[in-house]
Structures are given as C-alpha cells and as structure tokens.
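One structure is given below, encoded as structure tokens.
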There are 2 protein chains.
Amino acid sequence: MDLDARRKADPDHWKLASAIRVLAMDAVEAAKSGHPGMPMGMADVATVLFRKHLKFDASAPHWFDRDRFVLSAGHGSMLLYSLLHLSGYQQMTIEQIKHFRQLGSITAGHPEYGHAEGIETTTGPLGQGISTAVGMAMAEEAMRAEFGSELCDHRTWVIAGDGCLMEGISQEAVGLAGNQQLGRLIVLWDNNDITIDGRVSLSDRTDQMARFAASGWRVLECDGHDAADIDRALTEAAKDDGRPVLVSCKTIIGFGAPTKADSAKAHGSPLGAEEIAAARKAYGWDNATAFEIPEDIAASWHEIGARGAATRKEWQTRVDALSSNPRDDFARRIGNEVNPQLAQTIREMKQKTSEEQPKLATRKASENVLAALNPVMPENFGGSADLTGSNNTLTPGMGIFNAGNRLGRYIHYGIREHGMAAAMNGIWLHGGFRPYGGTFLTFTDYARGAMRLSALMGLPVTYVMTHDSIGLGEDGPTHQPVEHLAICRATPNMLMLRPCDQVETAEAWEIALSHDTAPSVMALSRQNLPTLRTNHQDENLSLKGAYVLREASGGKPAVVLMATGSEVEIAVAARETLESEGTPTRVVSVPSMELFRAQSPAYREEVLPGGTVRIAIEAAIRQPWDWLLLGERGREEKSAFIGMEGFGASAPAPALYREFGITAEAVTERAKALL
Amino acid sequence: MDLDARRKADPDHWKLASAIRVLAMDAVEAAKSGHPGMPMGMADVATVLFRKHLKFDASAPHWFDRDRFVLSAGHGSMLLYSLLHLSGYQQMTIEQIKHFRQLGSITAGHPEYGHAEGIETTTGPLGQGISTAVGMAMAEEAMRAEFGSELCDHRTWVIAGDGCLMEGISQEAVGLAGNQQLGRLIVLWDNNDITIDGRVSLSDRTDQMARFAASGWRVLECDGHDAADIDRALTEAAKDDGRPVLVSCKTIIGFGAPTKADSAKAHGSPLGAEEIAAARKAYGWDNATAFEIPEDIAASWHEIGARGAATRKEWQTRVDALSSNPRDDFARRIGNEVNPQLAQTIREMKQKTSEEQPKLATRKASENVLAALNPVMPENFGGSADLTGSNNTLTPGMGIFNAGNRLGRYIHYGIREHGMAAAMNGIWLHGGFRPYGGTFLTFTDYARGAMRLSALMGLPVTYVMTHDSIGLGEDGPTHQPVEHLAICRATPNMLMLRPCDQVETAEAWEIALSHDTAPSVMALSRQNLPTLRTNHQDENLSLKGAYVLREASGGKPAVVLMATGSEVEIAVAARETLESEGTPTRVVSVPSMELFRAQSPAYREEVLPGGTVRIAIEAAIRQPWDWLLLGERGREEKSAFIGMEGFGASAPAPALYREFGITAEAVTERAKALL
C-alpha cells in the first residue's frame with residue numbers, strides 16, 4: 001500500500017477521504033469503543049459516491065427523490081456520521097461526533113433510524129441493510145411507475161461487508177432483487193478479506209461475484225482506494241440495464257494504520273494514540289488537533305453536500321406545478337399518511353357482518369377485509385413468502401409486481417420470510433406504500449431478525465401470520481406455533497393482534513393500517529370460526545385490547561373467561577354451560593394485550609374485576625397471561641390457564657384440541673373446581 | 001413425459017419406484033391432507049439411492065456407520081415413510097402408513113425425530129435439513145479422523161427442494177460446507193421448478209448450479225426419472241474429491257398424475273380418487289387395492305433393506321476386535337454418554353474459586369470452565385459465529401477443525417448463526433460429539449429456526465450466548481437483548497441458564513453437558529462481575545433453578561430479592577443497605593426458571609415464602625417473572641419488577657443501568673415503599 005503515491009495521484013480526493021478517516025479514528029478513540037477499520041477502508045469509495053454519484057441535498061434530508069444510501073455494515077457507523085457531518089447535515093454536529101456512543105447522543109454505536117436525519121434505516125445486525133434496501137428499490141420502481149419519473153427517479157446504494165454477505169438473509173435479498181430486476185439497486189461490497197475471527201478464508205471460500213451473477217446480478221470490480229477506478233465502476237454501475245449491481249471494492253481494512261491495517265485488529269476497537277498519530281502522519285494530516293477539519297477541506301465537503309440542491313429545487317417546482325389532485329395524493333403517499341377511506345370502509349364491512357354468516361377462518365376474514373380495502377387504498381403493497389393461497393393475502397385486481405408490471409401491488413417473495421420482512425421495512429422506509437406480507441405464524445422464527453427491527457424502528461408494517469396454533473392440524477409441531485404469541489408480546493413496540501372473528505379481524509386491520517409507530521403481527525386461524533361479535537359494530541372495540549364480549553347474567557360475574565382468536569369460541573361455549581348451571585359468567589375477548597395494557601386502570605378493573613374466578617384460554621403457552629391471571633398487584637383471584645405446555649402434534653385439529661385439553665368442557669370443569 | 005417408454009426401459013426399477021408413489025398417494029388420500037407431489041417426483045431418485053448407493057441395514061437402524069439420509073424437503077414425508085416401510089424398518093408398519101398424520105401415529109405430517117427409527121432429523125421448516133446435514137458430515141469427518149475409517153466411513157445424503165434452497169439458511173450451509181470441503185456430503189436437489197405459489201420463476205431466477213459452484217461445490221445433473229442416469233450421477237457424486245456435491249435431479253412434481261403433474265396442484269393436497277386411479281393405471285399398478293404392495297415388489301424392497309447387513313456385520317466384527325480401551329471409549333462416544341470426568345472437574349474448579357478472585361465476566365468464567373473441561377472431554381466440539389474473542393469459546397489445544405486438520409475441535413462457523421445452530425443439531429444427531437457454539441444473545445433472533453428444532457428434538461447442544469443485556473454497552477439497542485430471555489423461556493424444552501458468577505457458570509456447564517434431552521442456552525455477561533457464591537461448593541445449587549444465595553438476618557425475610565446473572569450483584573448490594581437499615585432481606589439467585597419450576601412445591605415455598613415483599617431484578621422484560629412475582633396462586637405478596645420496558649440504548653454500561661433505573665438504590669427504594 002503505497003500511500004504516498006495514492007495521495008499524489010489525487011490530492012483533492014485524498015484530503016476529502018482523509019477527513020472521514022481521522023474523524024472515525026478520533027471518535028472511536030474518544031468513545032473508547034467502536035469500529036475504526038471499516039470507515040478507514042471504505043472512505044475512498046464513500047467519498048467518490050458522495051462527491052460524484054449520490055443524488056442528495058444535505059439541507060433537505062427528507063427530500064423524497066433523493067438516492068437512498070444504506071450502510072449495511074452498520075458497525076462502520078462512523079463512516080456514515082462522518083459523511084453526514086462533513087457534507088453539512090445540520091443535526092450531525094461535531095459535538096455529536098465527539099459524543100459518539102454516549103447516552104443521549106444521536107451517534108449511537110450502530111446507526112439508529114430516527115436518531116439523525118440521513119440515517120435511512122437501522123443497521124447493525126448484519127445482512128439487514130442490504131435486504132432492507134431491496135424493499136426500498138422495489139418501492140422506488142413502484143412509485144416511479146405510478147407517479148412517473150418526473151417525481152420519482154432515484155437509486156438505492158448499499159455498502160455491505162463480508163458479514164452481510166455471509167448471513168443467510170443476504171441470499172434471500174440477492175435472489176429477490178435478481179428476480180425483480182432491480183436495476184437501480186447498487187451494492188458496494190467492502191471486499192477487505194477480514195472478519196472478526198481473522199481472514200475470510202477461515203470460514204468462507206465463496207466467489208461472491210459468481211454467486212451474485214448466478215442470481216441475475218451484474219457484477220463489477222474496482223480498486224477501492226483508487227478514486228478514478230471507483231468513479232469508473234460507479235459510473236458503470238449507475239447505468240440501469242435491468243439487473244441489480246454488485247461492485248466488488250477491493251479495500252484494506254484500517255487503511256493507513258501502520259501496524260493494524262489489513263487485520264482483524266483494526267476492526268472493532270480503538271487504534272490507540274500511537275497508531276492514530278502514525279496514521280495521521282501517513283495521511284499528511286498531522287497539523288490538526290483531534291476532531292479538527294481544516295477549513296478548505298470542510299468547505300469542499302460542504303460543496304458536495306450542496307451538489308443536489310438545484311436538482312431538488314427543480315423537482316419541487318415540478319411537484320408544485322401539479323394540479324391539486326395528483327399533488328395532494330402524492331403528498332399523502334410520500335408522507336405515509338393514513339388513508340381517509342380506511343375507517344369508513346371498515347365500518348361498513350362490520351355493519352354487513354351478521355351472526356348468520358357461515359363459519360369462517362380469520363385468514364379468510366382477513367382476505368375479505370383486504371378485498372374491500374385494496375381497491376380504495378393504492379398504498380397497500382401485499383405479498384407472501386410462497387403461501388399466497390394459505391395466507392389469503394392476494395385480492396382481485398392487485399396485479400403481480402414484477403419487472404414486466406411495476407404497477408402490480410403483490411409480491412411473490414418466494415420462500416424467504418426473513419428477506420420479506422426486511423423488504424417490508426424498506427418499502428415503508430422508502431415511503432409511498434404500506435406493506436403487508438404473509439407466512440405461517442411459526443415462521444416468525446425465520447423472520448425474527450427483521451421483525452425486531454420493524455419494532456425497534458417503529459415501522460407500521462403488517463405481518464399476516466396465519467395457521468396460528470395447533471388448529472392448523474396435521475402439519476404437526478414444526479408448523480404449530482406455541483411460543484410465538486409470547487415472543488411477539490415480549491418484543492417491545494410490537495403490536496400482537498389475534499382477532500376471533502370477521503368483525504375483530506376488520507378492526508385489527510383498521511388498527512394495523514392506521515398505526516404509525518409500531519408493526520402489527522396478525523395471528524389468524526386456519527380453521528373456521530363463528531361470528532361472535534354482533535354488537536357495537538360502530539366502535540372499534542379491539543382498540544381497547546380487551547373488552548366484554550358476553551356479559552354475565554345480572555352483570556356480576558362469578559367467573560371471567562378470557563380468550564383470544566380461535567379460543568374465544570371455546571370460552572363462549574363454556575359460558576353457556578356455566579350460565580345454564582346458574583353461574584354468572586363473563587367472556588372477555590383479548591385481541592391485543594399491548595392495547596389493553598395501555599388502557600386506564602379503571603377500564604382494566606371494569607373489564608376484569610377483582611374477586612372472581614379467572615380463566616384464560618389460548619392454544620399457546622401461559623407466559624404472557626400471568627399478569628392478567630394473577631392480577632397486577634397480587635389480588636386474590638383464583639385462576640387457571642387452559643392452553644399448551646409443550647409442543648403440538650400431527651393430527652386433525654379437533655383431535656388435537658381434545659388431546660391437549662383445550663375444550664369448553666375442560667374450562668367448565670376448571671371453573672367449577674375453583675368456585 | 002412418456003411413461004410407457006420409461007416403464008419399459010427398466011421394469012424392475014419402475015415397479016420399485018411405483019410402490020413409493022402409490023403409498024404416497026394412498027396415505028395422503030386417507031389422511032385427507034398431505035403432500036403427494038414431491039414423493040411422486042423423487043421416487044425414482046430415492047429408489048436408486050436406496051437400491052444402489054445408500055449404506056444401511058433396515059434391521060439395524062442405529063448402526064453407527066450407516067450413511068445418513070436427510071429429507072430436507074420434509075413435507076414429502078411420505079417419501080421417507082414409504083422407503084422405511086418398503087425396505088423393512090420394523091416400526092414402520094403398513095398400519096402406521098395408513099394412519100399417516102393421525103394422533104399417536106409415528107407418521108407425522110413432517111418427519112419427527114424420535115418418532116420412528118430411520119428418521120435422522122426433524123424436517124419441515126425448509127432449509128433445516130440441508131443445514132443439519134452439514135453438521136452430520138462434519139461429525140463424520142471428525143470421528144473418522146479420530147477413530148479411523150475402519151470404524152467410521154460413511155456419507156450424508158440429502159434430498160432438498162427449491163424451498164430449501166431459497167431459504168437464507170441454505171446459503172449459510174452451502175458456504176460452510178464448501179469451505180469445510182465436506183466431500184461426503186451429497187445434496188440431491190429435487191429440481192421440479194414448482195413452488196406453492198406456482199413456477200419458480202415467479203420468485204427466483206437463480207442458477208443453482210452456478211451458485212453452489214461459487215462456494216466450492218461440485219455440481220452434477222441427471223434426469224430424475226431415468227434410473228440409469230440417476231445411477232451414473234450418484235456413482236459420480238459418491239467419489240469424494242474434497243468438494244461437497246450438488247446433484248440437480250430434473251424431475252416432474254406429481255409424476256404420473258394426469259392433470260396435476262408439473263403444477264402446484266400436486267404439491268400440498270390429496271389428488272382425489274379419480275386422479276389417483278388414472279395415475280395407478282399409468283404406473284401399471286391397477287390390480288392392487290389401496291396400500292397393497294404386490295408380493296414380488298415387497299420382496300425386492302426387502303432385499304434392498306438387507307443389502308447392507310453383511311457390511312454392518314463386518315463393521316461389528318472390527319469393533320468387537322478392538323481392545324477394551326478404544327472400544328469402550330468409542331461406545332461411550334457414539335452413545336453420546338455423559339463424560340465420567342465432568343462432575344469431578346467442575347467440583348474441583350468450584351472449590352478453587354474464592355471471594356478474593358478479581359471481578360470476572362461470566363463469558364470469561366465460561367472460558368475458564370471450558371479450558372478445564374475441553375482437555376478431558378474429547379467429545380466437546382466448539383465454535384463461534386465469528387465472535388471467538390468475544391464469546392470466549394476457544395481454549396488452548398483444541399485446534400481448528402478444517403480440511404487440513406480433522407482432529408481440530410473448534411469450528412470457525414463464519415457469520416452464520418442459523419447455519420451454526422443447525423450444524424450443531426447435526427453434530428449431535430450424528431453422534432460422537434457434544435457441540436457448543438457462541439454468538440451474542442440478541443442473535444438468538446437469527447438462529448431461532450434451528451434453536452427451536454434443538455428443543456423440539458430434545459438435543460442437548462449448548463448455545464453460548466454472551467453480551468446478554470444492556471450491560472454490553474455502546475453497541476446499542478440492535479445488539480442489546482431485551483426480550484430474548486423471555487423468548488428462550490417461552491420455548492418448550494429449552495433450558496435457559498443465566499449464571500451470576502464463576503461458580504454458577506461452572507454449574508451451568510455441568511448441567512448443560514450432562515443433560516440429554518434438552519438444549520441449553522447460556523446467557524453470559526460482557527461486563528465483569530464479583531464472585532458471589534462462596535459456600536456449598538460441593539453441591540450444584542444451580543440445578544435447583546433458584547436458591548437462597550444470601551439469607552435474611554434471623555432467617556425470616558421481610559423482603560425477598562430475586563435476580564439472575566449480572567443483576568444478582570445489584571440484589572446483593574441492595575440487601576446490604578436494607579439489612580443495615582434493619583430490614584431482613586433475602587437474596588434468591590435464579591439461574592434457571594425451568595429448573596426451579598420442576599422443583600417440589602415445598603422447595604419453592606421454602607425459597608419464596610408467602611407474606612413478604614418480592615422484587616425481581618433482571619435487565620430484560622418482565623413477562624417471564626410474573627409467575628414468581630405474583631405467586632403461583634395469586635398470593636398476597638406485594639411485588640415489583642426492576643428491569644426493562646423497552647429497547648436499550650448506546651452508551652457505556654454503567655450509564656445505561658442508571659438510565660434505565662436498574663440499580664441497588666432503585667431496588668432499596670422500591671422495597672421500602674412496598675413494606
């Protein structure tokens with residue numbers, strides 16, 4: 001690595017890139033923790049990207065038609081923070097850089113969406129960024145098709161490392177992007193041959209170029225420390241020929257650090273004062289103090305940050321020139337605002353629902369809701385991980401989204417639950433669409449990594465999780481969720497909805513599609529269920545989380561039965577028996593524990609009064625129910641749980657409900673024993 | 001598809017394969033659910049495999065040196081059940097086939113490990129089988145290196161479908177197997193171009209041959225309905241040249257079904273009587289009743305099942321001829337028996353531990369335990385998903401397992417948490433080793449699919465999950481587990497262990513390495529912790545799940561503080577304050593809720609008596625604690641939880657503990673308020 005020759009070849013570039021490197025070294029050193037090696041290695045590529053290719057305006061971070069830049073290798077957060085600071089994003093002050101990784105600063109260890117403008121998505125768990133970017137690129141194609149390239153015409157750029165490419169989710173993203181022919185998705189691979197444990201060869205010998213090409217990608221290479229060569233590759237990459245692009249950028253981790261470069265030692269800890277001093281010297285940066293950027297270099301970077309201002313203004317002029325109809329619609333869409341027709345459509349649907357309708361699986365009820373909503377909500381962007389007919393997620397007229405039909409609003413995600421979840425995050429983050437996607441509830445397991453990010457970022461995407469219990473029957477324990485309701489309820493900021501019939505399913509969709517700070521997970525039955533909610537159709541009772549579905553005779557319950565989803569039917573049947581035997585019994589439907597928890601103590605007390613027998617019924621494990629069963633302050637309710645204690649089994653659903661003792665008879669007997 | 005020509009080309013083969021097809025059709029029809037298309041499509045390949053290549057003896061399903069056969073596309077379970085029945089596995093009677101997918105039968109919807117001999121692993125969640133097989137193949141290489149090819153000399157065969165190959169986990173398996181040069185791993189890809197939603201092209205255009213080749217695999221092709229061509233390809237595949245092998249078997253799903261073949265309609269539901277009758281006619285099988293196998297064909301299949309008997313006896317003779325020392329050791333190893341030196345080594349280690357030792361992270365404590373155990377436990381097979389230095393999983397003298405050193409006992413799994421977990425399942429299932437593998441606790445999310453299978457199958461693999469709370473500090477909320485303790489505790493048959501110091505960590509390892517029916521998840525701290533357990537070193541108190549670590553003065557607590565792991569230190573500090581102020585306070589350490597739940601009610605009452613203030617302290621969400629806080633029957637304890645309510649943040653650990661109010665002061669104040 002002949003630094004001198006590199007410096008002399010392009011002194012202007014060298015200084016710009018060196019600014020990133022010194023900020024990364026200084027911030028990590030000050031924080032006494034962090035990852036300097038990746039920003040130092042990718043500084044040249046990032047500089048060329050921001051200086052010559054990325055369409056952005058640092059003064060308008062929310063400009064809709066900006067290129068999206070995703071740092072998939074999120075541990076290199078100082079690369080992103082340096083770029084934002086240097087190019088003039090207002091929030092990213094030098095003070096924030098100095099407080100890298102400190103409480104209350106916007107410069108977290110890994111980039112956190114919402115902390116600072118310019119952070120397009122939360123990254124850190126490897127592979128998420130590249131997979132989220134696939135969703136962004138699909139949303140761009142779809143918005144461009146719908147509103148025209150005058151309003152939507154941008155690229156999605158990703159920096160990914162070996163870790164991102166080794167994670168399984170990346171193959172799902174690669175396959176999906178290749179098949180969708182996302183020609184404006186460009187992945188810059190930080191090909192530095194180092195992972196935490198050492199050389200990549202310790203764990204992988206994959207020819208990444210060949211692997212991406214096998215899935216329909218265009219593959220390019222460049223010397224990641226040669227500005228001209230990077231520029232050539234990025235220019236080539238930016239030509240959309242209908243294939244997503246991988247650019248292998250051959251780099252050296254910790255570039256310029258005399259003893260730690262090109263080794264795992266540069267990856268994840270401060271370099272130390274001595275190493276930093278030597279690197280600064282090698283960069284020709286030995287006259288500045290820590291965090292100091294010489295004025296001429298700062299000015300050059302600010303020019304870069306203003307590069308896109310004129311383009312942005314032209315775009316704004318075009319938007320302003322639109323007639324009010326497309327303009328308002330466009331504004332609502334890119335603002336991700338709630339559709340004004342949602343509430344009325346749901347209300348009408350509920351009013352039409354009567355006791356007389358035949359038994360219906362809630363997955364089918366969900367399809368009915370979507371069939372009513374999708375025509376009036378052009379922002380709904382559906383899909384399934386190859387279970388379309390089982391998840392009931394496709395409704396007439398949506399059209400299939402693919403390279404030949406960018407107006408289609410349904411995605412065949414393939415057998416890629418994790419990739420689907422990450423893509424949904426990206427679709428929402430891009431703006432313009434509300435994504436929903438289906439799989440079986442048990443495959444929450446496969447999608448967990450991206451589902452957690454939906455919750456952490458607060459993105460209101462909707463997971464349509466069907467086959468939500470042993471009620472799926474013969475497919476057996478691998479396909480029967482038992483702990484997954486508990487998993488979703490345990491996850492902060494995740495809204496778990498388990499409706500019991502057509503009416504509650506409509507309400508659940510209204511909640512999901514009007515939420516704007518949390519993902520919804522909808523647990524839907526495979527098996528048919530009766531219509532139980534036949535009153536108060538004007539109100540969204542599910543929004544309260546739990547409510548009295550059947551009152552005890554006389555209004556004073558001796559027994560309160562709580563249940564969700566397919567088990568509400570069982571509670572109602574048990575109530576019939578108990579009431580017929582003279583026991584006043586109330587049934588409380590609990591479509592969402594999270595929403596119930598958010599109600600006032602007075603309302604909660606009203607629904608679940610003290611001094612009664614309480615029984616909860618759910619074909620899943622007990623863990624999330626203890627707080628409702630045992631009382632929030634250890635009250636004296638006698639209580640019981642009717643549900644699962646272990647994994648399920650393969651048999652027809654009715655046989656399984658009997659086998660595991662989840663029946664109206666079991667509920668009735670338990671209630672009598674406790675009374 | 002000219003069935004007649006195919007039939008005439010090889011009538012013997014045709015009849016054998018047809019037997020599989022009719023059994024699959026008949027069983028699915030009788031069950032009124034299931035997947036006939038895949039067994040019908042892969043019947044020819046499976047027949048050739050069992051007839052000419054697979055090393056097995058149906059009369060000895062547990063023979064250690066058998067080839068392993070993994071049906072990764074587990075929905076095609078009737079393929080496996082048919083093969084087992086036809087070749088003469090005793091348990092797999094025709095009655096079981098007739099009761100396919102019924103309660104209590106061994107023929108579950110997807111193959112369930114432990115239900116029937118010959119089922120090598122549970123499959124169903126796609127991609128798990130191929131990834132588990134990688135572990136089996138690694139274990140075979142390692143056992144062969146250790147005991148010689150006289151005792152261990154077999155292959156691992158996998159049947160995988162498009163779904164398996166689209167799931168991200170498969171890329172992790174492909175990369176790992178390619179790098180490890182597992183030349184005896186052979187994947188037969190059911191290349192039928194159909195997924196549930198339709199043609200593969202709806203969701204993928206990956207050239208799988210090119211993709212596998214890119215990761216160092218040898219790739220072959222065959223006509224999956226031409227016995228001679230299959231035989232040629234399998235013969236070629238069985239030659240170990242140091243590369244794992246992918247054989248693309250071009251097949252037709254539902255082969256022979258006149259209207260449903262080559263379409264998604266053949267995949268996941270019964271064909272119907274009419275279609276079945278027509279298919280039987282096409283097979284030339286129209287003289288037999290449902291489930292009837294003509295005697296000559298049954299006899300031919302039984303011969304196939306006995307093909308390996310002589311080889312097995314020769315192997316047994318070689319084993320019997322060994323001197324007692326290697327023979328007993330080999331027997332213990334392939335029986336996966338507990339190491340007789342384990343208990344003593346742990347006891348000695350605990351006795352050496354004193355209060356005087358400096359503060360120590362439990363991840364470091366775990367390394368100390370492993371450093372003592374690994375030299376005396378040759379069955380320990382360690383690894384990490386590229387976090388070796390952080391997980392503290394590598395101890396001196398293990399050696400690195402790779403193509404050049406099959407005696408190495410440490411695997412660089414790469415950035416592949418899911419692949420690692422599945423491989424660990426495979427290593428255990430193969431026999432000979434106890435695998436453990438490390439990553440951060442939060443990346444439980446990435447490994448969930450395979451971790452659930454560890455629990456469902458009851459495999460005692462050990463997950464070494466470090467950085468187990470906000471205590472990891474600056475890496476921030478993406479890396480800080482909050483809900484993951486709850487997730488593991490919610491999962492049936494998963495043992496969650498969170499030790500508080502060196503002594504409990506040693507006990508946790510003793511529990512994990514002597515368990516034989518459940519996986520252990522060990523949650524270990526990044527930050528240093530004091531030694532708190534300085535008494536009863538002879539006994540494994542952690543085995544009780546919870547125990548009195550510090551008694552209240554006078555033995556009658558007014559306050560009971562419960563905590564796990566790094567928060568036990570906080571409980572002990574709070575107790576000091578409360579006791580100094582005259583409040584008798586007990587500290588209960590809770591290394592495992594699952595183990596405590598299994599204790600007698602009397603013991604639980606003794607540890608957590610009624611009528612006290614109870615406070616639980618854990619830097620995670622409350623959900624799993626309610627049962628301990630609120631009493632199992634709604635007793636009157638006044639209680640509180642000190643922990644997390646949402647995601648963490650990026651800052652040094654002490655700042656985070658203060659920020660989220662998890663401090664001895666907060667505990668003390670809350671206790672006083674409740675008294």
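Even glycines carry a Cβ here, placed using N, Cα and C.
If you check TrEMBL, you get these features:
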ACT_SITE  A:GLU417  active site, proton donor
BINDING   A:HIS35, A:HIS267, A:ARG363, A:SER390, A:HIS467, A:ASP475, A:HIS479, A:ARG526  substrate binding site
BINDING   A:HIS75, A:GLY124, A:PRO125, A:LEU126, A:GLY163, A:ASN192, A:HIS267, A:PHE443  thiamine diphosphate binding site
BINDING   A:ASP162, A:ASN192, A:ILE194  Mg(2+) binding site
DOMAIN    A:360-531  domain 'Transketolase-like pyrimidine-binding'
SITE      A:HIS35  site 'Important for catalytic activity'
SITE      A:HIS267  site 'Important for catalytic activity'
For the domain 'Transketolase-like pyrimidine-binding' (A:360-531), mean pLDDT (0 to 100): 98
Chain B neighbours, restricted to the binding-site residues A:ILE194, A:ARG363, A:HIS467, by C-beta under 8 angstroms: none
Spatial neighbour of A:ASP162 (Mg(2+) binding site) that is closest, considering only the binding-site residues A:LEU126, A:ARG363, A:SER390, A:HIS467 and their CA atoms: A:LEU126
Residue among binding-site residues A:ARG363, A:HIS467, A:HIS479 with Cα closest to the Cα of A:PRO125 (thiamine diphosphate binding site): A:HIS479
Inter-residue Cα distance where the pair is A:HIS75 (thiamine diphosphate binding site) and A:SER390 (substrate binding site), in Å: 39
Number of Cβ atoms other than its own within 10 Å, given for A:SER390 (substrate binding site): 19
Nearest-integer angstrom distance between the alpha carbons (Cα) of A:ILE194 (Mg(2+) binding site) and A:HIS35 (substrate binding site): 13
Other CB atoms, at most 10 A from the CB of A:PHE443 (thiamine diphosphate binding site): 27
Those residues of the chain, 6+ apart, with a Cβ under 8 Å from that of A:HIS267 (substrate binding site): A:HIS35, A:GLY37, A:MET38, A:ILE194, A:ILE196, A:ILE253, A:GLY254
Top Cα neighbour of A:HIS479 (substrate binding site) in the set of binding-site residues A:HIS75, A:GLY124, A:ASN192: A:GLY124
Packing count at A:ASN192 (thiamine diphosphate binding site) (other Cβ atoms within 10 Å of its Cβ): 25
Same chain, 6+ residues apart, C-beta under 8 Å of the C-beta of A:ASP475 (substrate binding site), given in sequence order: A:HIS467, A:SER650
Closest of A:ARG363, A:GLU417, A:ARG526 to A:GLY163 (thiamine diphosphate binding site), Cα positions, recorded positions only: A:GLU417
Reduced DSSP assignment, A:ILE194 (Mg(2+) binding site): strand
Assigned conformation of A:ASP475 (substrate binding site) - DSSP reduced to three states: coil
Cα distance (Å, whole number) from A:GLU417 (active site, proton donor) to A:GLY124 (thiamine diphosphate binding site): 19
Which listed residue (A:ASP162, A:GLU417) has most other Cβ within 10 Å, given these are recorded positions: A:GLU417
